[in-house]
Amino acid sequence: MSPQTETKAGVGFKAGVKDYRLTYYTPDYETKETDILAAFRMTPQAGVPPEEAGAAVAAESSTGTWTTVWTDGLTSLDRYKGRCYDIEPVPGEENQYIVYVAYPLDLFEEGSVTNLFTSIVGNVFGFKALRALRLEDLRIPPAYSKTFQGPPHGIQVERDKINKYGRPLLGCTIKPKLGLSAKNYGRAVYEVLRGGLDFTKDDENVTSQPFMRWRDRFLFCAEAIYKAQAETGEIKGHYLNATAGTCEEMLKRAEYAKELGVPIVMHDYLTGGFTANTSLAHYCRDNGLLLHIHRAMHAVIDRQKNHGIHFRVLAKALRMSGGDHIHSGTVVGKLEGEREVTLGFVDLLRDDYIEKDRSRGIYFTQDWVSMPGVLPVASGGIHVWHMPALTEIFGDDSVLQFGGGTLGHPWGNAPGAVANRVALEACVQARNEGRDLAREGNDVIREATKWSPELAAACEVWKEIKFEFDTIDTL
């Protein structure tokens, strides 16, 4: 770094470049209850000291820039700057560190995930002094979280709305995801709901394509819901995807869903954006609609271990932005998800108060105060043989979603739904009787096949289907 040079134009201002660590590395700093805290996994470029790199992260994500500027003297940097207050090496990794940064609350606009992310995960991720940077966790203080509405309704209100308690909810994504006409799509929805599932779902890329315009799909799905409700006596729903190219069009679709009297709509919150998602969440709360969230594009952001944003941060952001359900991985299916890491962010979605637990990747204690919780949705390559593990892993406050695991049944859609409902009821009963689903799960399913031919057929079809690959996202 070049030395500072005294200028003639002003007293006290020194033009030039100085090390970030002289201003932004503060190991003696005691964090405040109102600070937003961040834990970054940082890999500096060769020859860059970790203190300088960590300070650069704090600077470039708060008040700093590459050189001293005149206007530094017009504000209080000590009040507004981010501070790198701790650095710890990552065990077993060379030249990799966990860097802790504290941000003053006044740096962020109230109720705006968009602004929060623009600062903390903005330009700093392209900084040349860093080989890689990943945001592992955020501590959101109550002083900030209380500026957000959060989920439109939350877990307890949803259960009261649909009058279903004491078990996970069951869903199904309609397949094939693209190409069906609206009428055939609605027929599949009806058959699955009639068979015993609670919800069906638009796939994330079903919006309003030439083969099925959104208004037609909404109409046929609403008809299917009402018909299935009349036959079963249960409240049913279909996640009608309101995601659109503009916020205005998205809200128009949500309004039409409300006019049809359906209980729930859906949004792709990462591709749609946080501003759109928060707008839709506010609309859903005001108009009594539940909001299902799909996380399409998340793996682009969170799958690389050394660079990006961990999903636990995206999950916290969604809870603040607003959603009643969000996809969270399965642990046992075809999609990425290590058990303890997954359970860590599932707790961050559902619980009011979550203790720091590094064994599950939770770097900070998080207190959500009174913000409603979000139901985690397990989906992706799951079938009836997974039901015991899913029930044991996710518990009652979850949605277990079987797409191919319902519609791939050899006897048809409704028998596929019957098989999943019977398997779930058997697992819940066994658990309530004190049986260990982790050890006895397969026996529970086999016993249930004796009085459910639909389940027996499903078990035969998927008895050898496994997705056994190494998990990338490990601690």
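For all residues, glycine too, the Cβ spot is worked out from N, Cα and C.
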Site co-member for substrate according to Swiss-Prot, given Asn123, Thr173, Lys177, Arg295, His327, out of Ser62, Ser379, Ser398: Ser379
Of the recorded positions Lys14, Lys201, Asp203, which one has its Cα closest to the Cα of Asn123 (substrate binding site)? Lys14
Alpha-carbon spacing, Lys177 (substrate binding site) to Asp203 (Mg(2+) binding site), which is rounded to whole Å: 6
Given the recorded positions Lys14, Thr173, Arg295, His327, Ser379, tell me which ones have a C-alpha lying within 10 Å of the C-alpha of Asp203 (Mg(2+) binding site). Thr173
Between Arg295 (substrate binding site) and Lys201 (N6-carboxylysine), what is the CA-CA distance rounded to a whole number of Å? 14
Taking the Cβ of Glu204 (Mg(2+) binding site) as the centre, count every other Cβ atom within 10 Å, in any protein chain shown. 21
Check Thr173 (substrate binding site) against DSSP and tell me helix, strand or coil, would you? strand
Taking the residues the record says bind substrate (Asn123, Thr173, Lys177, Arg295, His327, Ser379), how far apart in Å are the two Cα atoms that sit farthest from each other? 37
Fewest other CB within 10 angstroms, which one of the binding-site residues Asn123, Thr173, Ser379? Asn123
